[in-house]
Each structure stands twice: as C-alpha cells, then as structure tokens.
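According to TrEMBL:
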- A:359-383: compositional bias 'Basic and acidic residues' (COMPBIAS)
- A:384-395: compositional bias 'Basic residues' (COMPBIAS)
- A:1-107: domain 'XPG N-terminal' (DOMAIN)
- A:146-218: domain 'XPG-I' (DOMAIN)
- A:359-395: region 'Disordered' (REGION)
Amino acid sequence: MGIKQLFSIIRDEAPQAIKEGEIKNQFGRKVAIDASMSIYSFLIAVRSGGEQLMNESGETTSHLLGMFYRTLRIVDNGIKPVYVFDGAPPKLKSGELAKRFARKAEATEGLEEAKETGTAEDVEKFSRRTVRVSRQHNAECQQLLKLMGIPYIIAPTEAEAQCAVLARAGKVYAAASEDMDTLCFDSPILIRHLTFSEARKEPIQEIHVDKVLEGLGMDRKQFVDLCILLGCDYLDPIPKVGPNTALKMIREHGSLEKVVEWINNEGKNKYTIPEDWPYADARELFFNPDVRPADHAECDFKWEQPDVEGLIKFLVVENAFSEERVRSGIAKLQKNLKSSQQARLEGFFKPIPKTEAEIKNLKRKNEEKAEEKRKKAKEEKKASKASKAKPKMNS
DNA sequence: CACGGCCA
DNA sequence: TGGCCGTGG
C-alpha cells in the first residue's frame, strides 16, 4: 500500500527536499490530515491483549481513543488540524480498476482465512489483516471531532487528493500523512510522522514537492509515472522493476508510454508488463482526482469550543472512557483554542510584510540555505557510500 | 497508538 | 531524564 521505496529514492536523489525537525517547529500551523488512514491505523494498533478496545456493549472504541488522544497532542502543540475523510472509492472511466482491486482484496482475505489454523497468533494476524474502516467508524469519528470543535471535511473520493487541494490553496500549511501518494496529488508539502516524534525517536519530516522534482530532474508527469512504476495503489507492479530500475527507465525513456514500448520490444526478454495494466487511467487519477475546489463552501472550516457535556456523554457515558482523562483533555482543547485566539489578537500570526526588497532578501537566503544543504548532503552521500552503510528505512 | 507510572 | 512496560475501553 502506498508507494514503496519512493521515500528512499527521494532521500538519495533529492535530499534537499526533506527537512527534519520536531513537533514544536509546527507551532501555529494548520495541517490537513487524512482521517480514514488514521482510523485504519488506530484499528490495527490500539489493542489490548490482541483485541480492539471496546465499550460495554462490545462495540469497538479503538478508533475513538486513538483519534481523541492524538488530536489532543496535535492541538496541545499549537497545531490546528483539519481532518479529511475518504468519500466513495475513486471511479475510473470504466470502473474496472476499482472492481479488480476489490476482487483482489477479497481473494487475499479468503486466502488468509483458509490459512488460519486456529492458533492465537494466527487469529490475531488474521484479525489485523481484515481490518476495514467502516462507515460507522467514520461517522463516529466525525461525531467525536464535531464535539471536540475540530473541523473536518468529507472528500468526494480520496482524502489524500483533497488534502493536497487544501495545501495548494494555502488553506493549510501541509498535508500530514504517512502515505507518499500525497506527493503525486501535488501537495506542495507533505508532513510525515507528525505525531510520533516525541513518542519515538524519529523526527518529523517535511517533504517539499518542488524540491523533489528539482532533485530528480523531472517534471510532475514524469514523477507520477515514476511512482506508478514503483507500484501505486491502483496497479500491479511490473515484476523485477525495483526503485533503481524504475528511476533508470523514466530517466532514459522519459514517459510511461515510452517505457512500455521499450519493454514490449527491446526489454521483453527481461521484463513483462502485467496483462491488465491501465497505467493511463492510474495517471489520470493523480492528475484529475475528483476533489472539491478549495474555494467551495465545503472547504470552509473553523476551530471551535469543545462541547463539554456532549463529550462526556459520548465518551464517558456511551463509550466507557475515563471521565478524569476526558475532562483534562477538554481543558487542553479550551486552553489551546484560547491561546491561539490570544496569539492572533497580539499579531503573532501577522503575515510578514512582503516588500520587493524583503522578497529578494528572502529568496537569496533560501538559495544560500539550499546550497549549503546540497553541499552537506553531497558530503554525507559520499561518506555513506564510502562506508557502505545501509540506512534502515521502512514506511 | 498514546499515556502514565516505575525504575535506574 | 529517559527508556520500558502495562493499561486504556
């Protein structure tokens, strides 16, 4: 899922595109978060004894707990999140792609089921693999966010694409996601690991798409083609094509059309394009996703006071959360909303006046910084090559 | 996953 | 102070 190995390519070929930092650096920023993806990871990770957390009626609460505490942490760091939910799965012209993938998903599920031998470990594995975000999970999280005063919007299709639209329009600073696909949808900035910088040791990464293209020496179309070649959500990968080959192919041939043509002729002894490989449709999904324009009313959002009684009723009464923890969480929401209003009043977020001279100065400084980074990165690359160190990197 | 409590 | 581990619902 997602684009495998894209991150390591960017790290190697366009290190200037990745800025690393801590969550404090994000203070005061608005970010768009792919809600459905977050919910999915909560359903998988928030467990006790291998089982999802539940309320007294036996209904899952893992997604609510994950979303509640993660959002609190984000807000507590002065970040203003807007959550974006998936709408319908993307419709392709033929609708074939979606169907094909639904079948494939069912098939793997069946396989897992067949393999299941009944040991506790297998059951747990199985239950994790068959996790799907349901309509109810989404609705409950939306209810929670509403009560928390945190805005959300529902995308026509893919949340990633909608996040990118918001970021491009400047309605948020960045799209926050673990999924590199967001870059294909042309979000200017992608923030990865937004939440787990303090908890784990890993830094927050900001990936700047313009720098990615610059470093790779590609235009956006070639970049998307590269991503498709690396294996996107919609298409099977081409056997024997890994990151190195994919990069080489796009660089040598310039486009997927040419790559396919080459494989079908000169390259046919080594590579085979999967039988059904509608790459043009996949590309179309990245270039013309079904999204709401940023100036649309549905893309208006604001942060509001939490509904204290509503939250107590929903989380404590209906879902067995600890009242004490919920109340202290609410206090954080109130405090941070107040302090961000205060900051605005005091002109903390006052836009920097951009006179000609200032812009020039800023540009010069950015150039210098970039140059310095490039130098440093080059040296680091040399050093790591010399020592043959293989940096570990997993998505 | 996120938190808090515990211990070195 | 920070790393580990149990608990949350």
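Residue 1 is the first one shown; counting continues down the chain.
Including glycine, each Cβ sits where the backbone N, Cα and C put it.
On a predicted model such as this, the values are computed, not experimentally measured, just so you know.
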**Q.** Average pLDDT across the domain 'XPG-I' (A:146-218), rounded to a whole number
**A.** 94
Q) Could you count the residues of the domain 'XPG-I' (A:146-218) that DSSP puts in helix, in strand and in coil? A) 29 helix, 15 strand, 29 coil
